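**Student:** Pasting in a structure now, in structure tokens, and then I'll have a few things to ask.
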Amino acid sequence: MASQGGFSRKSLSLSNSSVAKKKSSSSENGGSDSVRKSLTASRPMGLTGERTVKRLRLSKALTIPEQTSIFEACQRMAARRVDALLLTDSNALLCGILTDKDIATRVIACELNLEETPVSKVMTRNPVFVLSDTLAVEALQKMVQGKFRHLPVVENGEVVALLDIAKCLYDAIARMERAAEKGKAIVAAVEGVEKNWGTPLSGQNTFIQTLWERMFRPSLLTIIEDNSKVVRVSPTETVLSVTKKMLESKVSCAVVTVENKPRGILTSKDILMRVVAQNLPPESTLMEKVMTPNPECATIDMPIVDALHIMHDGKFLHLPVVDKDGDIAAVIDVIHITHAAIATVGGTAGINNEAAGTMMQKFWDSAMALGSHEDDDETRSENSLKLASEGAETGRSLAFSSSSLLNTFAFKIQDRKGRMHRFICGRQ
């Protein structure tokens, strides 16, 4: 299924610097003038061990002048196969962001002339951004709270990258899945350490497993609202009429249905790549000509994590959900899932902003604290690992041959004095 943006899942090695706090808005990544003026600000490096934005999996940013025509901007985006670009002013400073959703709802739906209209007329001005040494948790939380996928990253006054929350979410899910799979072995190992240290240490692992189970194991039915907005259209409707419906409903995709059964899907990125970039007239181009036919769908009783895997493996960001009769019930995306999962953990769909912020903080903190295989490889000896602590009577050396490491995994525990202890366990 050729729909919105694709991603590959892999482990990350994360470390952090210091943090600077900036105001954000709930628009499609909208910011303030005061935020933009801080582009050239510099910050001292923070404590080692903190995880910063620069250690996340970033994408190279596509940047063009704000006076560029919309048509040229779309051609550049299509050539790079990206769904967002950044705009700069006459001083080469970041001044705006343009996404595929903007093109669908602010350009096509409003019937603007693509060749005569500059991007500055439709871009989101003064987008929220972060510095490269901003705490990763702060950046990710800012994106979820602001409900936008893309976040510019600035270093020494220049835009250096673009952060996509979908990639970060997939990485976090992969990390938490590994932790959940290894949970029993970790608990067993920790119990052995507790006997020597006399201190319970399994709380963090229990928290991670509980968080994982409550956020991503429930079915999609638990996060789909009764009044879920789905733009249902027929195969013979024009792209122009469909974009107007998308604008009215404030969504970024439409589902082509026949007798309420999904027969196709068209996303804002499809409109960019298949209509605008191909110079097709939206007012006469029919949905059946440019939609993705027979889209892969989830069922309402499918676990949330399985739906995320479908989206990741299929390399798209929108997933239609059908009920037991095969009728379209909803369309979910990454931001929707993240918000809904956090609300589920909070125990109520009406979770307040403060509680949601706390839950987001715990989620990202837990996922990143799990580390990665890269982290383990940096400090792991090929032949042995020494386990020692001031609280233990003696240090213990655990010997492994090179071949046996293929059947082992490493994990880390932080004691009450803030020291990190690394362990290796064998698989059964």
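Placement of Cβ uses the backbone N, Cα and C atoms for every residue, glycine included.
Residues or ranges marked as region 'Disordered' by TrEMBL: 1-46. Annotation comment: TrEMBL describes 8-19 as compositional bias 'Low complexity'. Residues annotated as compositional bias 'Polar residues' in TrEMBL: 28-41. According to TrEMBL, the feature domain 'CBS' maps to 57-116, 123-181, 226-283, 291-350.
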**Student:** For the domain 'CBS' (57-116), give the DSSP counts of helix residues, strand residues and coil residues.
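**Tutor:** In the domain 'CBS' (57-116), the DSSP-based counts are 20 helix, 16 strand, 24 coil.
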**Student:** With DSSP as the yardstick, break the domain 'CBS' (123-181) down into helix, strand and coil residue counts.
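**Tutor:** Final tally across the stretch: 28 helix, 18 strand, 13 coil.
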**Student:** Looking only at the domain 'CBS' (226-283), how are its residues distributed among DSSP helix, strand and coil?
**Tutor:** 20 helix, 16 strand, 22 coil
**Student:** Run through the domain 'CBS' (291-350) and tell me, per DSSP, how many residues are helix, strand and coil.
**Tutor:** 24 helix, 16 strand, 20 coil
